[in-house]
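As annotated by Swiss-Prot, domain 'tRNA-binding' applies to 39-149. Here Swiss-Prot flags 398-470 as domain 'B5', drawing on sequence analysis. The feature Mg(2+) binding site is assigned by Swiss-Prot to D448, D454, E457, E458, with sequence analysis given as support. Positions annotated as domain 'FDX-ACB' by Swiss-Prot, on the basis of sequence analysis: 703-795.
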Amino acid sequence: MKFSFSWLKSVLDTKADAKLIAEKLTSLGLEIESVEDASAALKSFRVARVLTAEKHPQADKLQVLSVDLGDGNPLQVVCGAPNARAGLVGVLGLPGAVVPANGMELRKSAIRGVESNGMMCSTRELGLGEEHDGIIELPGDAPLGTTFADYLGSDPVFDVAITPNRPDCMGVYGIARDLAAAGLGVLKPIAAQSVAGSFPCPVEVRTDDPEGCPAFYGRVIRGVRNGPSPKWLQDYLKSAGQRPISALVDITNYVMLGYGRPAHAYDVAKLSGAVVARKAREGETCLALNGKEYGLQPWMTVIADDAGVHDIAGIMGGEHSGCSDETTDVLLEVAYFTPANIARTGQALALTSDARGRFERGVDPAFLDTGLDLLTSLILEICGGEASEVVRAGEPPLARKALAYDPDLAGNLGGIDVAAAEQKRILGALGFDVADDWTVAVPTWRPDVAGPPDIVEEVIRVHGLDAVPSTPLPRADGVAKPTATPAQMLERRVRRAAASRGLHEAVTWSFLPEAEAARFADGEALWSLANPISEDLKVMRPSLLPGLLSAAQRNLHRGATSIRLFEIGRRYLRGAGGASDEKLSLAVVLAGDRIARGWASGKAQPFDAFDAKAEALALLAEAGAPVDNLQVMGEAGPQFHPGQSATLRLGPKQVLARFGMLHPATARAFDLDGPVAVVELFLDRIPAKKGAGQFARPHYAPPALQAVTRDFAFLVDASVPAGDLLRAVKGADKQAIVAARVFDDFRGQGVAEGQKSLAIEVTLQPVDKSFDEAALKAIADKVVAAAGKLGAELRR
């Protein structure tokens, strides 16, 4: 909200300067966006008198002026203004000055062969109005040589960010009230005298919609002259960013911006019958003042007469009943509209206005008569005329909230001990009535004050938030305990591990198109949003993979050659009773080239299912899963390639992860070309280890003795998974065998049909003493025996 310093001083008797006002407003919670001083741009322009004006020798529409700055050294200036003449006092821009309207820097130059040492300026060029038919004409006694900024005087414009909870500050008077309470001046009483009507109101005014419009007041003023408004009024409106239109319109805008009271003026000659606040009817429309026609719904409140709708109530007036220069009789409307109804109507019509911004926050219901008196007295003063009696339809909600308050709450809640007398002074200055028993009556213009904590806020912000004492937080002795939960620590661990493996974290939408979500639902019920941000994002994700696949597609289509993305987040399923069931997951997408083409590597190598498996096992290990006990089994899901995917399970039913190549049909659905490897870890299913909540890892002591490796080659049925054989070998001697890995899988010559040869490297770690041959043979026998339980034979 914008207003000038002079406007503020018209309602606040203060000696504070603009800087102090701006600082105090911010400390009161009315944050200053900017303070603009238009006169600052006029310091390079001077008051000057035209001594002579002669015709330009080379141009019919130009004159050569001799201009005096009062120093006895006239300057030659070429000017094309039709009103330039000898004796005129105007404004001269000297070389080096910057024209506010267009940013042009003035220079000494030759115009059609005649030297010009500056420019005589118009109102528009100086950014002071729209007049540009001639140069500015100042009074003849204006002091020559004075900067135009000093001649005009400084009138800074404040731009204040009003929060939604402060409708009382949507007018200059409300802001002045806060400043007065803070000690920066004395609030002037509202200069509104009650005007008695000299004749009955000729227009019937009523409300047929007490829910949307509880109170509707009106009066007619006849015999008005609707010309331009006075300069002081135009200056106020310009400072607020408003364009002066006519006296009647400008007066209603002045009362709205100055006192937070929107009103509307109708041309009586354009009305037909009674003016009624009612619900809109099916199929009705309104051509608003912005030139757009709006279709109305039956629950919307409108102002209408016998001919139809004239006004979208509380938001914008209609075009065909507005006032013009020919208006002689005017109907003033001052009403109270229900805030929720105004907000709903504005949202439905996508229509904003200054009036809507005030009505939907809540205007003062007790200000109807005062606001109407203000409008009437200003119109009679500026436009003349004769006022009718006031017609009052309905009753505004005038009941004031009474709150039981304890002044000790200022210290308990606000942290400042404010004397009871000072609290009573502050509240009184803000319009609150405080009884002896500290029952506080809330003013009608403060709908945001609902309880004692709100009263504390009023006291503290006016007393000064800078008065809150600085108190250090208490520190506990010793080392502070970690505050992260085990789930948070797990998430951090896995995130660091993924990043350390060269994966790039992505954060994608939790909402998905329904078709994408359905591909990953796996029989679970999808969880749809009742009010989605768009129709394409109305389903919560049942998996993190769709979002990552879309991100991979966008990156590949923009030239990326190797995609290594991961995301940690929650998948959303429909739980019992239709509630959301959120589960922590991690997903990885590998696409493009695993190894780029090069002279050493040859052709580019794509990612495969084993890359996905390696990522899954590494991340599960970091998450604390017992990877040595996991079984590799199929049935990863229809989204995966059936022959190049698997699951990692703890037992036959507990799936901790699934990995593998994406099914070609799924890849095509996401517009992905080439092989794509994916991983999905279900972090919520990983069993918690003892001490999982501890931050530090257990102490690691490196072995004192050297490890020993032994290789075994087993002939086994081709249907036996290598992982099963590897797990059997590891379990042969859990104390001595610390690692085992498959390093060869051979099928062909020398191996019977239906069999395969698996070569396994086993790492043995002595503890107390080195292994001798007997110990090594005993361990080897255990390994062979364990493998034999799966039908494997040692290959000779």
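Cβ coordinates are placed from backbone N, Cα and C, and glycine is handled just like the others.
Here the features listed in Swiss-Prot are placed on the structure.
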| residue | record | Cβ within 10 Å |
| --- | --- | --- |
| D448 | Mg(2+) binding site | 17 |
| D454 | Mg(2+) binding site | 16 |
| E457 | Mg(2+) binding site | 17 |
| E458 | Mg(2+) binding site | 23 |
D448 (Mg(2+) binding site) in three-state DSSP notation: coil
Per DSSP, three-state class assigned to E457 (Mg(2+) binding site): helix
Within the predicted model, mean pLDDT of the domain 'FDX-ACB' (703-795): 90
Mg(2+) site, defined by D448, D454, E457, E458: further same-chain residues with Cβ within 8 Å of the Cβ centre: N165, R446, V449, P453, I455, V456
Residue distribution over DSSP helix, strand and coil in the domain 'B5' (398-470): 31 helix, 8 strand, 34 coil
Tally of DSSP helical, extended and coil residues in the domain 'FDX-ACB' (703-795): 25 helix, 32 strand, 36 coil
